[in-house]
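Here's the structure we're looking at; comments come further down.
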Amino acid sequence: MNSLLQDAQAAGARVGLTAEKITINGGRPLRGRIQLKGAKNLVTKAMVAALLADGPSELRDVPDISDVRVVRGLLDIHGVKVTDGPEEGVLLLDPTGVESAHMADIDAHAGSSRIPILFCGPLLHALGEAFIPDLGGCRIGDRPIDFHLEVLRRFGAVVEKLPSGIRMTAPNGLHGAKVELPYPSVGATEQVLLTAVKSDGITELRGAAIEPEIMDLVNILQKMGAIITVDTDRVIRIEGVQRLTGYSHTALFDRNEAASWAAAALATEGDIFVGGARQAEMLTFLNVFRKVGGAFDIADDGIRFYHPGGDLKPVVIETDVHPGFMTDWQQPLVIALTKAKGVSIVHETVYEQRFGFVDALVDMGATIEIHKECLGGHPCRFGQRNFNHSAVIAGPTVLHAADVEVPDLRGGFSHLIAALTANGRSTVSNVGIISRGYENFISKLQQLGADFVLEN
Ligand SMILES: CC(=O)N[C@H]1[C@@H](OP(=O)(O)OP(=O)(O)OC[C@H]2O[C@@H](n3ccc(=O)[nH]c3=O)[C@H](O)[C@@H]2O)O[C@H](CO)[C@@H](O)[C@@H]1O
Ligand SMILES: C=C(OP(=O)(O)O)C(=O)O
């Protein structure tokens with residue numbers, strides 16, 4: 001069995017999804033309401049932050065996704081007691097019994113997530129050592145961790161690479177540092193925050209990422225007693241403190257899931273009310289959605305996304321760090337672009353290999369060409385490096401049914417949308433991977449009127 005399939009099955013099994021394949025009878029618009037919970041890209045980091053406290057934390061709106069379960073398992077191995085709260089979606093995290101981990105167990109739990117790398121700072125503070133297994137996450141580029149390791153060294157960590165992962169110690173404790181990131185990496189910014197808050201002295205981070213999920217992590221850390229200033233021009237200053245308390249927090253909604261269902265509404269000519277979605281964190285997406293010809297109504301408790309009739313229009317998009325067009329939005333939106341009348345361009349500037357998912361779309365009849373050049377207008381890091389990172393999508397096309405295999409989280413969701421729009425019965429396999437970031441997506445599809453059956 002290949003490792004992609006193993007990851008997919010393990011991820012699905014962790015959230016009780018036993019089916020491996022979905023057969024979808026396409027052509028029906030998705031209509032109805034769904035409710036979001038907290039963001040995968042915040043909740044998992046908030047769980048790690050609980051390790052920094054000297055008392056219990058409470059996190060609300062936690063989605064039942066496999067990445068959350070992976071982090072829960074890792075926390076458990078380290079002696080953080082994680083229990084379900086009295087209400088659905090509430091986690092209680094008690095770090096008072098934190099202890100050194102058993103390496104073999106960690107190895108078994110790292111599988112599908114990139115979060116283990118963020119345990120470094122908190123574990124070094126709590127125990128003076130950390131072991132980080134090989135990382136998972138979507139295979140959409142090389143995804144090195146050089147920024148993380150360099151940052152940790154600046155704080156005083158000693159890094160030792162082992163065949164099974166990375167071991168880290170801090171023989172002289174951790175001290176504040178001046179750090180400048182070569183690229184505003186989300187994970188490396190979080191690494192700095194989670195390490196600096198309890199390091200001796202002041203840390204100045206330049207070139208920081210400022211995604212809404214990072215700002216919500218800053219909110220959490222401030223609740224815990226941290227002193228963090230977010231300045232203009234991607235500068236973050238952190239004054240280290242000796243102790244942090246537990247927090248009580250409701251997680252920011254998952255704007256990536258919201259954008260995915262919005263794209264599904266548009267591509268299937270449907271109408272979906274996405275409960276919990278908010279305008280402020282989705283401004284950039286909403287502009288593009290409108291330019292493509294989608295319509296939305298913003299309410300206090302969510303956003304209604306729908307196809308208002310008429311032709312969809314082509315767009316030129318460049319993915320970018322916040323406040324730009326988020327890379328995780330492009331894969332689901334590409335399906336709507338296959339329905340637009342004219343030629344669209346998507347220039348992917350965050351990951352060098354995020355177009356693997358289009359092969360299946362071409363098999364389904366889409367007209368998509370991938371290019372090595374930077375076609376969006378601005379040259380990016382990948383332009384001179386031979387990476388297939390620009391897509392040209394010509395439409396409108398009616399997709400036909402096919403058997404497709406989910407390659408990664410967002411690519412997988414876009415395959416689901418493609419199958420939902422296609423004429424005939426498509427089979428989408430490896431669907432377990434989708435459970436990494438979409439809570440109860442099978443029930444949501446049911447609620448929205450999709451016509452499908454699950455298979456093993
Ligand atoms: C769990 C989580 O929150 N995942 C999100 C996070 O991923 P993640 O935090 O992994 O993404 P980064 O922002 O770190 O990566 C951005 C770019 O920086 C590069 N890089 C990163 C670190 C490093 O040490 N060296 C390096 O070269 C990466 O290869 C990539 O080209 O932000 C991405 C960009 O918004 C999102 O697509 C992911 O959904
Ligand atoms: C790339 C993604 O996630 P991760 O960083 O967890 O692989 C994603 O959510 O689309």
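Yeah, the Cβs are placed from backbone N, Cα and C, and that goes for glycine too.
Values in this document were obtained by computation on a predicted structure and should not be read as measured data.
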Of the candidates D84, D94, D142, D328, which does TrEMBL annotate as part of the UDP-N-acetyl-alpha-D-glucosamine site that also includes R114, V350?
D328
In whole Å, how far does the CA atom of D328 (UDP-N-acetyl-alpha-D-glucosamine binding site) lie from that of C138 (2-(S-cysteinyl)pyruvic acid O-phosphothioketal)?
11
Among R114, C138, V350, these being the recorded positions, pick the one whose CA is nearest to that of N41 (phosphoenolpyruvate binding site).
R114
Rounded to a whole angstrom, what is the largest C-alpha distance between any two of the residues R114, D328, V350 that the record assigns to UDP-N-acetyl-alpha-D-glucosamine?
16
Quick one: Cα separation, V350 (UDP-N-acetyl-alpha-D-glucosamine binding site) versus C138 (2-(S-cysteinyl)pyruvic acid O-phosphothioketal), in Å?
13
Taking the centroid of the Cβ atoms of R114, D328, V350 as the UDP-N-acetyl-alpha-D-glucosamine site, which other residues of that chain lie with their Cβ within 8 Å of it, listed in sequence order?
G137, C138, I140, V186, T327, Y351
